[in-house]
Ligand SMILES: Nc1ncnc2c1ncn2[C@@H]1O[C@H](COP(=O)(O)OP(=O)(O)OP(=O)(O)O)[C@@H](O)[C@H]1O
């Protein structure tokens, strides 16, 4: 059990070491948490923000896993490898767009945006 937990942590640190995007997502998440504290967001808003942050980070981790698996399969150009990686990257993009929309909904009025 402890071994599985350790292996999962190794995976997390692999993402942090190798993926610039993961560092960007975590920096954005830290900024959102700081804004949440500053604006005293409500408990249900914390729940939405937590889910959103987790979703983006998990999508980036799955994207990394897929990239590694594709690279294991082939280092040569292959149209299906391109599609697999592009779709995984697209999934991260969709979660990031969703996160921006949620940030606008929660922080927009507090920033006087609408
Ligand atoms: N074996 C391959 N065959 C065809 N196209 C590929 C292959 N490997 C990568 N690509 C193309 O290059 C792009 C970048 O792939 P790469 O493995 O460098 O990911 P990355 O730049 O680390 O992506 P991310 O920023 O999402 O981590 C892919 O989205 C894909 O379009």
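A Cβ is built for glycine as well, from the same backbone N, Cα and C atoms used for every other residue.
As recorded in TrEMBL, the features of this protein are as follows:
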TRANSMEM  20-40  transmembrane segment
TRANSMEM  46-66  transmembrane segment
ACT_SITE  60  active site, proton acceptor
BINDING   60  substrate binding site
BINDING   67  divalent metal cation binding site
BINDING   67, 85, 86  ATP binding site
TRANSMEM  87-108  transmembrane segment
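Features recorded in TrEMBL, as mapped to the structure shown.
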{"residue": "60", "record": "active site, proton acceptor", "Cβ contacts under 8 Å, 6 or more apart": "15, 19, 21, 22, 25, 92"}
{"residue": "67", "record": "divalent metal cation binding site", "Cβ contacts under 8 Å, 6 or more apart": "85, 88"}
{"residue": "86", "record": "ATP binding site", "Cβ contacts under 8 Å, 6 or more apart": "none"}
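Other Cβ atoms within 10 Å of the Cβ of residue 85 (ATP binding site) number 15 in total over all chains. Within the same chain, residues 46, 49, 53, 56-57, 60-61, 64, 92, 96, 99, 103, 107, 110 sit at least 6 positions outside the transmembrane segment (20-40) and bring their C-beta atoms closer than 8 Å to a C-beta of that stretch. For the ATP site listed in the record, the two most distant Cα atoms among 67, 85, 86 lie 10 Å apart. Checking the recorded positions 60, 67, 85, 86 for a CB within less than 6 Å of any atom of ligand 1 leaves 67, 85, 86, listed in sequence order.
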